[in-house]
Amino acid sequence: RRLTFCVGGVLLPRKTRCSIGEIYDNGTAEKPGWAGRMQSLRFNEEFGPVFIQEPDDTIFALDSDEKKVTMNCEARGNPQPTYRWTVNGTELDLSTGFRYSLTDGSLVITDPREETDSGRYQCQASNSLGSVLSREALLQFAYLGNFSNRTRGAVSVREGQGVVLMCSPPPHSPEITYSWVFNEFPSFVAEDSRRFVSQETGNLYISKVQPSDVGSYICLVKNMATGSRALSPPTPLTLRTDGIMGEYEPKIEVHFPQTVMAAKGLTVRLECFALGNPVPTITWRKLNGNIPKKARLRKSQAVLEIPNIQLDDSGSYECKAENYRGGNAFRGQLQVYTYPQWTSVINDTRLDSGEELQWECKATGRPRPLYRWLRNGTPLFPQSRVEMVNGELIIRAVRPTDSGMYQCVAENKYGAIYSSAELRILASAPTFQSSVVRLVATLGKDVSLECKPRASPKPTITWRKGDRRIQTLLLRNNSLRIVNATRADEGTYVCRAENQFGVTEMTTVLMVKEAMRVELSPARVEVTVGESVVLSCKAIHDPSLDVVFLWMHNRQPLSFHQGGGHFEYIQTQSSNADLMIRNILLKHAGRYGCRAQTSGDTVFAEAELLVRGPPGPPGIVIVEEITDTTATLSWSRGMDNHSPISSYNLQARSPFSLGWQTVRTERVIGDMESAVAVDLNPWVEYEFRVVAINAIGTGDPSAPSRVVRTKEAVPSVAPTNVSGGNGRRHELVISWEPVSEEFQNGEGFGYIVAFRANGTRGWKEKMVTSADSTTFKYRDETFPPLTPFEVKVGVYNNKGDGPFSKVVTVYSAEGEPREPPTEVSAAALSSSKVQVTWKAPNPAPGRPFGYEVSYWKEAESEESAGKLKTTGSETSIVLGDLDGNTPYLITVKGYNSIGQGPASSPVYATTMKSPPSRAPSNLMWIQEGENVSLGWEPVKAMDNESVIIGYKVLLRQEGRNNSQEVRTRSPSAVLTLPEGGTYIIEVRAVSEGGEGAVSAQVRLLTSSGVRAKSGQWSLHSLPWGSVWTLLLLAPLVP
């Protein structure tokens, strides 16, 4: 049987075809598939259209601000494809009207209209080699109409009766979601076991009406595509007065369809809800198996939700509604379908005229897909030469007229998919890429002269040398092979290729040269890590030929750019090439090859490089035996890297160590493969590793051993930093620093607290079972505060008792303060501040660390009190942010680390009235040199404000923060301006309750005598009695 060769020399069955871009090359083809098409582009070869973008299903919102919709389509081809569009099977005439236009291949619809533009769109791309059809895309229009304004009648039911409130949604596209509003927006109906909103019908179902359900109900719908919403007219729900509905068995009012069709991978929601009294319970089951574990019950089990639906989720499902009056059930079938999906597609193919085409496409899907074929976008039907069976297309004795674009279409009721390929029937005379080839052979070696014309159909090949035809030594690929070449084989060889379309020849000029020799030195060399070496390669060859060198490491080409600077290529003469290896590493050891190549010969020579270095990692570390403080380890030797191993270092790591630490052992010399690690801590998890050492240095460590735990032992470390004190009255508090888990030596670790009063003989011992404990409290009403005790703390575990700490002296607690502060007094400083003073209680056990002051308004309870604290021996504090003219109650109590003492008796303090709210006004001034005479109208305090006792004048230079302050009892002041510049003056009234509001600013310039800028001039009478002459008064303009 005939064979076809495709790229890479892979031999394929005859049925397999090479792709567009491949050519007969004496049995060898190139560049299959799209890569071949890209290769064709480089040669400017024509090829049929191939889609790179196809239209997708589109939903266009009618209320969108964007007044255009685009159906995408783009294809590659040479020549450049042209495009046509069909909608619902009818071709669009793009030449009529302005609403349709093409951008490249994409269809742009301006001012889309539902009545004329909705439907299925398909793009056709064509060029001179054929046409292909895109997949179909559905254009839908999204909208949501308004509910009817007609008033909805009231629904009246008995208490306990079930009810269904109808939504009756407005026209819409596509799907919408439903919710219900109770009485007023946004109070939504909460869904539970008694109330349910169906997303299938939109209706509200109440299984058992209660008095709380009486009210007005509004159906709210939302378009998922546009986000728009609409509200229905309200539906009143009232209760009848002629009695209460008795109990009755459930009646299923809403359920999923008898047959549910769902696409694989989507989420399926099955609804089931019943009316009944008592409220029914909904349960679900799958009749032919178990409900999938991924399924979820929603809305009080009224919805069964199955995400990512698969084929094995198909089956019969049942929902059952029950109460103690009875039950009702519904069954339905869930069927899962899948869109067609390719398992085998067709590929571009080239055939000689008269050959047979055999294409096959296969697809999966549920229901099983059916197949049809298209040629240049039109249906292909069986004929005398054409046969189509179950996705297979056979065309016998192909002709040039069969060339074109073919498509296999696999479709079921849920979708269609397209696989496209180009068929090209070839017919061309033989051609060679080059008519003359020069070839150099090596004396005494074999040589092959190739003959690979481009032709279709496959040509007949003949060889001749001079006038003599050659019929021997022809290979299957029509190459001419010369064995053991000699000088007599030199000459001109002609390959002749011929088919029915023409004939052509290619000439090969053969020259035979002496064999090349290569010398590589040194042939074997040993170096130490960090040293450098030079390998020299010399080629002895025919001087008429150029030689090229290639260095290799372990038969892989050396990369001088990626070698980290270790390798350098040095060529001093055309026939010599050196390799320098700097700062050698262990990984550089191996065999280095020098390959010398001329146009007639290739010779390879190798040298061995041995690298001495630190040892490699030892083998697996095994823990042979473990005790409480020792571990017996064994390992296997690693590589010595050409320098004998002198010793080993054993290392361990535990949860308590800082990385790997060397463990104590006897000296481990190089020929040993086991050792004992000592001085380990009991009951600690360890990992071990081994590091080898030789004369060059220390090697990499072995892999860690498995984690092992040493045996238990009696604790050997006592607690440290034993101390104590504080606590409540009659308490002895003992504290210590806990023993680290590293030194607890076993399970059941705890503490033994021993103590005795000074001067007594017997120890009291108490067990503390928590290993993390740091304190122990002992209470005895009999011992007075600050009684000295001798204290020590020991340790224990399941193996026995360990050592005690050193004995220290600890005093019992002095307790919280016992007496309240005395001589508490409070005085108002202003309308918002009160100063509180007191005297510390007499010295006694329970000394305070500070004091807490509580204050609250007389009209309020003590629970609302504010609190401030002092520290140390302070015996006064200022309370701030108080309300003016308000009586407060104030108490003081001491506190320490143990707690708070008793509070003093409350004292009263009333804040002063608020400062004046009015600011000084009508400011006037005279500027004479550096002096400014300033006056203003007096401020009168209101009845609820403090009496005015004077004024404060602030003077500051613009741009600076510091200011001068002048106080005066009268509404006037004389100021001195110290230097030139712009000054700002402000005035406040001062009262017992504090400072009042600030006046508007006065701005003065002293350098030029120019007074403050003002928009108007006015003259004011002065409040004081003296007469000023030649006064220029400037009223302030803020």
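Just so you know, glycine gets a Cβ as well, placed from its N, Cα and C.
TrEMBL: automatically predicted annotations, no manual curation.
Here's what TrEMBL has on this protein:
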- 49-140: domain 'Ig-like' (DOMAIN)
- 157-232: domain 'Ig-like' (DOMAIN)
- 250-335: domain 'Ig-like' (DOMAIN)
- 340-424: domain 'Ig-like' (DOMAIN)
- 430-511: domain 'Ig-like' (DOMAIN)
- 516-610: domain 'Ig-like' (DOMAIN)
- 617-713: domain 'Fibronectin type-III' (DOMAIN)
- 718-815: domain 'Fibronectin type-III' (DOMAIN)
- 820-914: domain 'Fibronectin type-III' (DOMAIN)
- 919-1009: domain 'Fibronectin type-III' (DOMAIN)
Maximum Cβ pairs under 8 Å to the domain 'Ig-like' (516-610) - stretch from the list 157-232, 250-335, 617-713, 820-914, 919-1009: 617-713
Segment-segment contact (the domain 'Ig-like' (430-511); the domain 'Fibronectin type-III' (617-713)) at 3 or more Cβ pairs under 8 Å: no
Considering the domain 'Ig-like' (49-140), which listed stretch of 340-424, 718-815, 820-914 counts the most C-beta pairs under 8 Å: 340-424
Residues of the domain 'Ig-like' (49-140) by DSSP state, where helix covers H, G and I: 4 helix, 52 strand, 36 coil
Stretch-averaged pLDDT - the domain 'Fibronectin type-III' (718-815): 91
